[in-house]
Amino acid sequence: MLESPSRAPRFYGWVVVGAVFGILFVAFGAAYSFAAFFNALRDDFGATRGDISLVFALAGFLYFGLGAVTGLLADRLGPRRVIGAGILCIAAGMAAAAFAQAVWQVYLTYSLGVGLGVGLAYVPAVGVVQRWFIRRRGMASGFAVAGIGAGTLVMPLVAAAAIETLGWRPSFVLLAVVALAIGIPSVLAIVPNPADRGLYPDGDRFPPPAVGPAGGPTVAQVLRTRAFWLMFGAGLSTSLGIFIPFAHLTPYARDHGYSDAFGALLVGLIGVGSIAGRLVLGSSADRLGRRRSLAGTFTAMAICLAWWLIATEAWALVLFAVAFGASYGGFVALMPALAADYFAGRRFSTVLGLIYTSAAVGALVGPTLAGALYDARESYALPITLGILLNGVAVACMVLLRDPAPAASTAPSAAPAAR
């Protein structure tokens, strides 16, 4: 019986995971803290829910839509430069939003700065983790993207407390400072490939089996595969529904008599559930299978959205937030790991970015449509119901997706230099 390769002590890959955690904490904490600003911006500018929803939707469209471009930039220029530029954009966008005098100026500052910044940071950061791990890819991805859940928990609560004491304008500046304080050190800790440290994936002392083309599939080859389009379809379908709570849970809570602080807490609880989902599902999927586990998360999200349709009591909203966060966290942890099982190689960041353009459409259309439908019907029932049905489509995509050939999940990095 062949034994697993022994691992080198103090594997730097886990430092990279920690650095990516910090980057995603800042990036998505900035994006999802918008929930705390929703009612303050609407009240100050006298805007409709559709108008304010568009602030978040434009940012989401940019940070997912730019994934293909930023993935390509990371493959060519190196991820650290691209991610660093993203952190600077996030901080600049939030600081500039503090001086907005109309909603359209929030679009030009917050939406553009945060959207561009998260777009520059997300795909390159997640792509780096996939290069450092093969056998433990699901676990490593889960720990890294748990930064999104932690940011979703902490940043909206910090923003809500700051808005209550300082007002929304100084609160934007405060979050910009936090982004720089955490983001810059995290970027400096990034090392793009284990070969750069004379290491192999997973910290093994021996290289993984040589399989397939040395550089992995080309982008053109990937685009001709059935697997790519099924992943794209699943991402598009689920994204049309899953971004609605991030923009609308706080105003939904106000509609049912709860404070804005409670609404921000609900978004934070999505982060709590998300952390658990990323860690537990990311690790268990390495044993149970990432494709089947991802289908399970889509099913769980549909069930959670169905629960939201009838949730009006505080305990029911808390239960929704935590359960939805867990299933959403599993999706975010498993999608890049599943994609790497099929398309690992030197162009993986570009491929992952292309897959995430599906989420860009969902992030733009979902929250904006939900806001417009609420303004027209004074109810969230229709957009939530559509989200339930579309998660069913995502499940179907995973059922139709065949498991990858064994070689597809073990494409090696370039051989490291002698230590």
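From the backbone N, Cα and C atoms, a Cβ is placed for every residue, glycine too.
Lifted from TrEMBL, the feature list:
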- 15-409: domain 'Major facilitator superfamily (MFS) profile' (DOMAIN)
- 12-32: transmembrane segment (TRANSMEM)
- 52-73: transmembrane segment (TRANSMEM)
- 85-104: transmembrane segment (TRANSMEM)
- 110-129: transmembrane segment (TRANSMEM)
- 141-163: transmembrane segment (TRANSMEM)
- 169-191: transmembrane segment (TRANSMEM)
- 227-249: transmembrane segment (TRANSMEM)
- 261-281: transmembrane segment (TRANSMEM)
- 293-310: transmembrane segment (TRANSMEM)
- 316-339: transmembrane segment (TRANSMEM)
- 351-374: transmembrane segment (TRANSMEM)
- 380-401: transmembrane segment (TRANSMEM)
Check your understanding: Which listed stretch (52-73, 141-163, 169-191, 261-281, 316-339) has the most C-beta pairs under 8 A with the transmembrane segment (85-104)?
Key -> 169-191
Check your understanding: Cβ under 8 Å to the transmembrane segment (261-281), counting only same-chain residues 6 or more beyond its ends: which ones?
Key -> 32, 35-36, 38-39, 141-143, 145-146, 148-154, 156-157, 159-161, 164, 245-246, 249-254, 293, 297, 314, 317-318, 321-330, 332-334
Revision key, fill the gap. Spatial neighbours of the transmembrane segment (169-191) not adjacent in sequence (6+ beyond its ends, CB under 8 Å) are 12, 15-16, 18-23, 25-27, 29-30, 33, 36-37, 79-80, 83-84, 87-88, 90-92, 94-95, 97-99, 110, 121, 125, 128, 155, 158-159, 162-163, 197
Study note, to complete from the structure: Whole-number mean pLDDT, the domain 'Major facilitator superfamily (MFS) profile' (15-409), equals 87
Exercise for review: Answer yes if the transmembrane segment (227-249) and the transmembrane segment (141-163) have at least three CB pairs under 8 Å among residue pairs 6 or more apart in sequence, and no otherwise.
Suggested key: no
